[in-house]
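Features as listed in TrEMBL:
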DOMAIN    39-74  domain 'EF-hand'
BINDING   52, 54, 56, 58, 63  Ca(2+) 1 binding site
DOMAIN    78-110  domain 'EF-hand'
BINDING   91, 93, 95, 97, 102  Ca(2+) 2 binding site
């Protein structure tokens, strides 16, 4: 499954282009721009499963760093600061990773 099965390619392109510069990534802006915050729980879960590359049921730090590349092959990796901020925003139970419920809450807060 590709992200374009859930999200519009034009919205993905706009969101990726908005954070081309290092340290310009904003979770809330990205989720709103790609339209993820307006999707159903089932659609949000599909995106979560795509981001969970190792199928562990969690999005870990190394997967967060490659977050943008899951939406567009040519996208940049998140910087260490962006990755840390993303993890801190989503990791509500302090276990160092983002589970499905945490991801859903993060998207819905956007």
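Think of each number as a place in line: the chain as shown, counted from 1.
The backbone N, Cα and C atoms fix where each Cβ goes, glycine too.
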Local confidence of the prediction over the domain 'EF-hand' (39-74), expressed as mean pLDDT: 95
Binding-site residues: 91, 95, 102 - member with fewest neighbouring CB atoms within 10 Å: 95
Spatial neighbour of residue 97 (Ca(2+) 2 binding site) that is closest, considering only the binding-site residues 54, 56, 58, 63 and their CA atoms: 58
Least Cβ-crowded entry, counting other Cβ within 10 Å, from the binding-site residues listed as 52, 93: 93
Long-range environment of the domain 'EF-hand' (78-110) - Cβ separation under 8 angstroms, sequence gap at least 6: 22-23, 25, 27-28, 31-32, 36-37, 39, 41, 44-45, 48, 51, 56-61, 64-68
